[in-house]
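Structure record follows, encoded as structure tokens.
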Amino acid sequence: MQDLKGLVVENIPLTKEIYKLQISVPEEILPEIIPGSFAMLKIEAKGVFLRRPFSFADVDLKTGLVTFYIKLVGKGTGALREIHPGQEISMLLPLGRGFTVMPGKSLLVAGGIGIAPLNFLAREIIKKGGEISIIYGVKNEAMFIPEITKNFKNIEVYSEIPGPGKKGLVLDGLKAKDINSYDQIYLCGPNVMLQAAKPYLQNFSGLVEVSLESYMACGFGACLGCVVKVFSNNEIEYKKVCKDGPVFNFKEVVL
Amino acid sequence: MQDLKGLVVENIPLTKEIYKLQISVPEEILPEIIPGSFAMLKIEAKGVFLRRPFSFADVDLKTGLVTFYIKLVGKGTGALREIHPGQEISMLLPLGRGFTVMPGKSLLVAGGIGIAPLNFLAREIIKKGGEISIIYGVKNEAMFIPEITKNFKNIEVYSEIPGPGKKGLVLDGLKAKDINSYDQIYLCGPNVMLQAAKPYLQNFSGLVEVSLESYMACGFGACLGCVVKVFSNNEIEYKKVCKDGPVFNFKEVVL
Amino acid sequence: MNLEVKIDELTLKNPVMPASGTFGFGLEFKDIFDLKNLGALVVKTITKNPRLGNRPPRVYEVSCGMINSIGLANPGWDYFREKILPQIKDLNDILILNIAGESVEEFEYLAREAQRFDEIKALELNVSCPNVSKGGIAFGTDLEALKQIVSSVRKIYSKTLIVKLTPNVTDITVYAKAAENAGADALTLINTFSGMVIDVKSKKPVLGNKHGGVSGPAIRPMAVKMVYDCFKAVSIPLIGVGGIDSKEAALEFFLAGATAIQVGSQNFVEPGFMPRLIRELGEYLREENIEGIAKLTGLAHRREENV
Amino acid sequence: MNLEVKIDELTLKNPVMPASGTFGFGLEFKDIFDLKNLGALVVKTITKNPRLGNRPPRVYEVSCGMINSIGLANPGWDYFREKILPQIKDLNDILILNIAGESVEEFEYLAREAQRFDEIKALELNVSCPNVSKGGIAFGTDLEALKQIVSSVRKIYSKTLIVKLTPNVTDITVYAKAAENAGADALTLINTFSGMVIDVKSKKPVLGNKHGGVSGPAIRPMAVKMVYDCFKAVSIPLIGVGGIDSKEAALEFFLAGATAIQVGSQNFVEPGFMPRLIRELGEYLREENIEGIAKLTGLAHRREENV
Ligand SMILES: Cc1cc2nc3c(=O)[nH]c(=O)nc-3n(C[C@H](O)[C@H](O)[C@H](O)COP(=O)(O)OP(=O)(O)OC[C@H]3O[C@@H](n4cnc5c(N)ncnc54)[C@H](O)[C@@H]3O)c2cc1C
Ligand SMILES: Cc1cc2nc3c(=O)[nH]c(=O)nc-3n(C[C@H](O)[C@H](O)[C@H](O)COP(=O)(O)OP(=O)(O)OC[C@H]3O[C@@H](n4cnc5c(N)ncnc54)[C@H](O)[C@@H]3O)c2cc1C
Ligand SMILES: Cc1cc2nc3c(=O)[nH]c(=O)nc-3n(C[C@H](O)[C@H](O)[C@H](O)COP(=O)(O)O)c2cc1C
Ligand SMILES: Cc1cc2nc3c(=O)[nH]c(=O)nc-3n(C[C@H](O)[C@H](O)[C@H](O)COP(=O)(O)O)c2cc1C
Ligand code: FES
Ligand code: FES
């Protein structure tokens, strides 16, 4: 973990609710950034005290740029939208335990802004010679990031209300697949999506990983604030999303 | 008093410590703005809760612009320096009791950023056919606003450490004058300057007015926070700088 | 959608009123909005005799709030009755007089006077000001004194009696119950937190009176918790106050158990805040399809049980 | 220029240390700076038995601060002694163990254990956590319980004994004096303020445990006042804590009467804050030509007399 200053290079709206933030970071740190890891950004705005966590949605080793897809939800994400190219931003990074990139066929299941870390993961899997399919479910047009579908061939989009892609939920997409034709499955999305997917994936024999969210004060394991219940070795434990995760074995997580 | 939005038109540094902020305000309000009155500006920045008071340094009835000269002292004035042309700013205005503009010869005595309201007053006196002389004392170069000396002919500049104008204090300027040749005297500056001038002006027979500062929460008489001691009608009273002032009869003020 | 709330026998057309001492006598706000819009008008604390208040500086900014040591500066009851009451009695149907005394007798004196004026609809007893050396917070933290003041005033005053409590106690519910048992019809929660700011340059406390009372969003979580706790402890209506600067902040207080709310420091920052809040609360009820604001009171307690 | 301070028999090379529970066991910060730079290392509260802590959510932002209901989650004394102590004992010369118990016996047990370990240089008794149902704040607000815990531990523990007090009391000086009389060598002032945030959408308290403790700049004026008041009331050294996020904030505490300070929530926002603060305090002494930081302690009191 380092506390360093990044330089904002681009900050553009992608939809009414989502924007894309690109930040130039020092070269040395780039190799440490892996899919599923995240940064805590310091937002200098009225009423924002804590940093805010955002997953890396992409890293470009050549340009030294990291990309975030950010959904507008409150004062922090609201203020961050106003940051201009050329401004500096303090970032703690890289944080957390990322996805386990595996060979073979991977199914990536994203709900809403959950696509952010999976975009990065998909690129990484492809880079390492793996195969991917993506199910990308959104609520509506405002939550849909068009450039994602340009990045990947095997991607199916579902929209809760008529909008981009097919009408339906992520779960509909999952049901339409022969999940056993995949070697592993990765998920990121809202709790309702994860809860719905859970019984459906219970018997899947391969690795299933999920990237979780939780409210964080520090992001690096010091406050013990961000815990989730995990059932492993026949014991219920609280694990830190920021340090033991955000990527967990999906089957062990108590949602 | 109105709570309205102004549009920032210009915000430029004049010296290392002083900047000039020009804001376009609705036309109807302009005639109510008089020398000595002030506005409470709402500064949207981390850690700033209360509004900040600033005296009008000028008003242009034709362009609808008001001018503030602002000295950098802390977080509010620091954040305000970053406001861009085109941004809106919430202002409460006009506030306070201004100077009494009188015919004849007026002496204006300014210390540091105290020049702000006196600049406006000087223009107004001249407009009404009066005559003015200005003593403008500053600490150093960084506190000296060059454009002030361009605005007026009868102006003498003193600098505490060698810098613009003569070396010396405001009081030296005052002593060099035959103050009895003036019909009235107006002051604005730091407390040390006012204290030094006090005994010297005690026997002056004309009107002596001073614009005071004090820490303000509301700026419009609601909190009772900004009081100063005033001795009038043989009684010590607390008067509100924001509403009973900021302009007071200098002889009545207990410094 | 209905913003009406009841505090004892009074029906307020909406639950929003100014916090004492942050709204003067209302006159300063007349330029900004029509005070008839308010649920009630609460005036700055009045004492028997005029008070100059503490020496300046009396206000200062703190993180997400402010600190004050005004010290109950006010012109005294006689001046208020003669010069101010006539000017403000028609500004709002429900005028609440906030009073403080240096002794039980002074409280009694003021209550007796207030009882005589029809235009005064309720009394709010300030037993909680941290800025006066005699009485003030001492009454609010001394359980016996609190009981004595409230029951003495209760004997004299037959209209709505509200007691405003200080948060500077170990367990506010003890004081809330004591005030209820002594005859209070409603409680205002809370006054300011005792605090101090030291000026690093001069190496002295910033305020002339050294310490003062902290208000603003900084104290909101503590205020919300106190309303929540007192809602369980007493059955009289609660008026929530402390750091309300948005619709969401106001809603927290209703959900915690407040029947009405007061706005303090935010009046300084945005003098038109209260009418905006009233409008936004109305819109909220409409959007959420909630029949009346009163339905929200204490909802955070009920929800819990279903977890 | 000298940053050294003395707390009882301990000489700290500078007056800056982490507040318990905001620094883990220090290990998370090792990437950011060398913990040897700190005046002392204070660990997260340890209890006799392991504690899972409260159900999440456990942290949330509030205006100029945060609220937490961690609930003293910790691996328990045995695990700490076996697995953690060996890892951290060389991180800093002065290791302060913060402990809490559900009973006087648990405090005694832990004190007896701590006494055996040379690497533990001082105990800080947490009698003030608002987030546990047994013990916790109840001990800190019950004067008799406080006296009993402190004097029982004092009998067992011969090294430096620090007692950390809760601000959720009517008059903290009463508790400060009681702790001093019961044998405390120093006091840490203060733990968090009890508070609550309600989620307007779900209409429920945000925290899994409903209420929590408020920390950060929002509580600083209250913390400074408590240090100021206790400085007059007791003669043992005070360790000031509450909302320190800058050199100026730290200086307020020294001027109010603190001998050393602790940094809490700010560690989350800026993990490198403490070494920066130490550097800036050194620069400050140099610029102001003050011979040692200890000269600042309580200066706001002395200045007053000359007003
Ligand atoms: C590991 C991780 C990775 C994330 N990655 C992304 C991402 O790539 N893109 C994206 O848009 N969002 C991401 N989020 C969510 C993002 O952190 C929150 O939406 C953001 O912090 C909200 O801040 P706000 O000030 O706008 O909202 P607020 O006004 O503070 O609150 C709105 C809601 O946002 C959530 N929230 C607020 N602060 C935090 C916090 N510190 N930690 C967690 N949740 C919080 C809470 O549920 C809160 O109710 C991620 C969260 C985590 C934990
Ligand atoms: C009637 C009046 C007119 C003024 N006109 C001008 C002007 O034309 N140009 C100019 O540069 N300055 C003017 N000032 C002073 C200006 O208001 C302060 O310098 C400014 O508020 C400092 O804000 P800050 O956040 O930068 O400082 P902070 O970091 O908050 O504090 C630095 C110091 O500034 C002073 N200060 C801070 N807030 C206030 C406040 N709300 N009211 C009064 N003093 C405060 C305090 O002494 C404080 O110690 C005027 C003040 C008053 C009362
Ligand atoms: C400047 C100021 C003056 C106050 N004067 C009084 C007063 O005279 N009587 C009183 O009962 N409360 C007084 N208060 C306390 C407020 O009524 C209110 O309880 C407190 O400010 C908390 O609310 P807030 O956070 O919304 O400001 C005063 C508060 C401030 C800020
Ligand atoms: C997340 C969190 C956990 C805490 N855990 C403890 C603890 O275990 N023991 C303790 O004595 N204090 C604990 N505290 C209180 C702090 O030590 C400190 O007293 C308080 O946060 C005020 O300081 P601050 O405003 O600088 O954060 C905790 C505070 C926070 C924010
Ligand atoms: S956010 Fe602090 S431990 Fe995870
Ligand atoms: S600043 Fe509030 S009364 Fe003057």
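Each Cβ is built from the backbone N, Cα and C atoms, and glycine gets one as well.
These come from TrEMBL:
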type     : residues                                                                                                           : note
DOMAIN   : D:3-285                                                                                                            : domain 'Dihydroorotate dehydrogenase catalytic'
BINDING  : D:Ser20, D:Lys44, D:Thr45, D:Asn98, D:Asn126, D:Lys164, D:Ile190, D:Gly216, D:Gly242, D:Gly243, D:Gly264, D:Ser265 : FMN binding site
BINDING  : D:Lys44, D:Asn68, D:Ser69, D:Ile70, D:Gly71, D:Leu72, D:Asn126, D:Asn191, D:Thr192                                 : substrate binding site
ACT_SITE : D:Cys129                                                                                                           : active site, nucleophile
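Sequence features, as recorded in TrEMBL, placed on the structure.
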| residue | record | DSSP class |
| --- | --- | --- |
| D:Ser20 | FMN binding site | coil |
| D:Lys44 | substrate binding site | coil |
| D:Ser69 | substrate binding site | coil |
| D:Asn126 | FMN binding site | strand |
| D:Ile190 | FMN binding site | coil |
| D:Gly242 | FMN binding site | coil |
| D:Gly264 | FMN binding site | coil |
Other CB atoms, at most 10 A from the CB of D:Gly242 (FMN binding site):
32
How many whole Å apart are the CA atoms of D:Lys44 (substrate binding site) and D:Gly242 (FMN binding site)?
16
Compute the C-alpha separation of D:Thr45 (FMN binding site) from D:Thr192 (substrate binding site), stating it in Å without decimals.
14
Checking the binding-site residues D:Ser20, D:Thr45, D:Ser69, D:Asn126, D:Thr192 for other Cβ atoms within 10 Å of each Cβ, the smallest tally belongs to D:Thr45
State which of the following binding-site residues has the fewest other Cβ atoms within 10 Å around its Cβ: D:Gly71, D:Gly264.
D:Gly71
Pairwise over D:Lys44, D:Asn68, D:Ser69, D:Ile70, D:Gly71, D:Leu72, D:Asn126, D:Asn191, D:Thr192, annotated as binding substrate, what's the top Cα to Cα distance to the nearest Å?
16
Fill in the CA-CA distance, D:Gly71 (substrate binding site) to D:Asn126 (FMN binding site), as an integer in Å.
12
Give me the long-range Cβ neighbours of D:Ile190 (FMN binding site): same chain, 6+ apart, Cβ under 8 Å, in sequence order.
D:Ser128, D:Lys164, D:Leu165, D:Thr166, D:Pro167, D:Ile172, D:Ile219, D:Met222, D:Ala223, D:Met226, D:Val241, D:Gly242
Can you give me the Cα-Cα distance between D:Ser20 (FMN binding site) and D:Thr192 (substrate binding site) in Å, rounded to a whole number?
11
Measuring Cα to Cα, how far is D:Thr192 (substrate binding site) from D:Gly264 (FMN binding site) in Å?
10
Other C-beta atoms within 10 angstroms of the C-beta of D:Lys44 (substrate binding site) total 26
D:Gly264 (FMN binding site) to D:Ser69 (substrate binding site): how many Å between their Cα atoms?
15
